[in-house]
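The transmembrane segment annotation in Swiss-Prot covers 8-28, 81-101, 114-134, 154-174, 186-206, 237-257, 265-285, 304-324 and is backed by sequence analysis.
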Amino acid sequence: MSWWTPQVAAIAFALFQAVVILLAAVGAAALLTMVERRLLGLWQDRHGPNRVGPFGVLQIVADMLKIVFKEDWIPPFADRGLFVLAPAIAMASLLLSFMVIPITPSWGVADLHIGLLFFFAMAGINVYAVLFAGWSSGNKYALLGAMRASAQTLSYEVFMGLSLMGVVAMAGSFNMREIVAAQETLWFIVPQFFGFCTFLVAGIAVTHRHPFDQPEAEQELADGYHIEYSGMKWGMFFVGEYVGIVLVSALMVTLFLGGWHGPWLPPIVWFLLKTAVFVGFFILLRAALPRPRYDAVMSFGWKVCLPLTLINLLVTGALILIFSPAGG
């Protein structure tokens, strides 16, 4: 086959990797919905979902069928175009972010020199989905939830970006693979512990997970910016939240825990194990912590996270300058 050149083979393999990684991300998010309910039941001393299939393992199938057969209703007072576009933007921006995460030395869709900046670009686009959903719904609770979510996301993205500048300075690159390679001897969680803590807090806030789920506070805003959504559109927002959990967990593994590096086990196993630990931590937070007031969340970000990231960046820069070779 004369047309099957090395360039075509490389493109085909990249497309194959993209499909596998995206399906794995969505599948992991769907599985996480059931795992979370089972773990919450265990930690809260009650039964989780245990009626569909043996030990409730088919609960995911039941939930998917329920969402598919729900009426996909659009309110007559909604802005139809933006209302339909919002969940698509939310899901697409999250899935595209997986393109720059290296799973193993040989697996990863796009080896971009600005991989970290690409992630922040996708995170910024995700804010538009929230704003479109709240504004187009024509509902005051949806609009209030969208305003909360956009302000919280934009604020904590600032701290998230600053917390990673120390990692970028130590690795000397925005390329995800080069950042992982720089952690072969020492994971960045050790020299960048304060940056890791800030990134963890910011990641929880950006994904709107408990205890930072003020944009969706059921007691105050009746489910926030997706109150008017139903059927598959609501399902895209719902699954998107869990895709965000997997994404932030994978990023923390890549940037602070050495990615696929580890002894004895294959690289893919190390990456999945580390990611699973952070996913479990996300779930544990929901069971363990109460929801603070919205003003307390914003104050914590600007009064604690921002100074901490700036101090971490200043100290990191000073240490690199002091210990760098002369003339380097």
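Glycine too: its Cβ is placed from the backbone N, Cα and C atoms.
Across 8-28, 114-134, 154-174, 265-285, the stretch most heavily in contact with the transmembrane segment (237-257), judged by Cβ pairs under 8 Å, is 265-285. With a cut-off of 8 Å between Cβ atoms, the residues of this chain six or more beyond the transmembrane segment (265-285) that come close are 32, 35-36, 39-40, 43, 103-105, 107, 204, 207, 209-211, 245-246, 248-250, 252-253, 257, 259. Same-chain neighbours of the transmembrane segment (114-134): 82-83, 85-87, 89-90, 93-94, 96-97, 99-100, 142-147, 149-150, 153-154, 157, 160-161, 164, 168, 174-177, 179, 206, 215, 224-226, 229, 237, 251, counting only residues six or more beyond its ends whose CB sits under 8 Å from a CB of the stretch.
Using a Cβ-Cβ cut-off under 8 Å and counting only residues 6 or more beyond its ends in the same chain, the transmembrane segment (81-101) has close neighbours at 18, 21-22, 25-26, 74-75, 108-110, 112, 115-116, 118-119, 122-123, 125-126, 128-130, 132-133, 135-137, 176, 226, 228-229, 233-234, 236-237, 239-240, 243-244, 247, 250-251, 254. Residues 156, 158-159, 162-163, 165-166, 169-170, 191-192, 194-195, 197-198, 201-202 of the same chain lie 6 or more positions beyond the ends of the transmembrane segment (304-324) yet place their CB under 8 Å from a CB of it.
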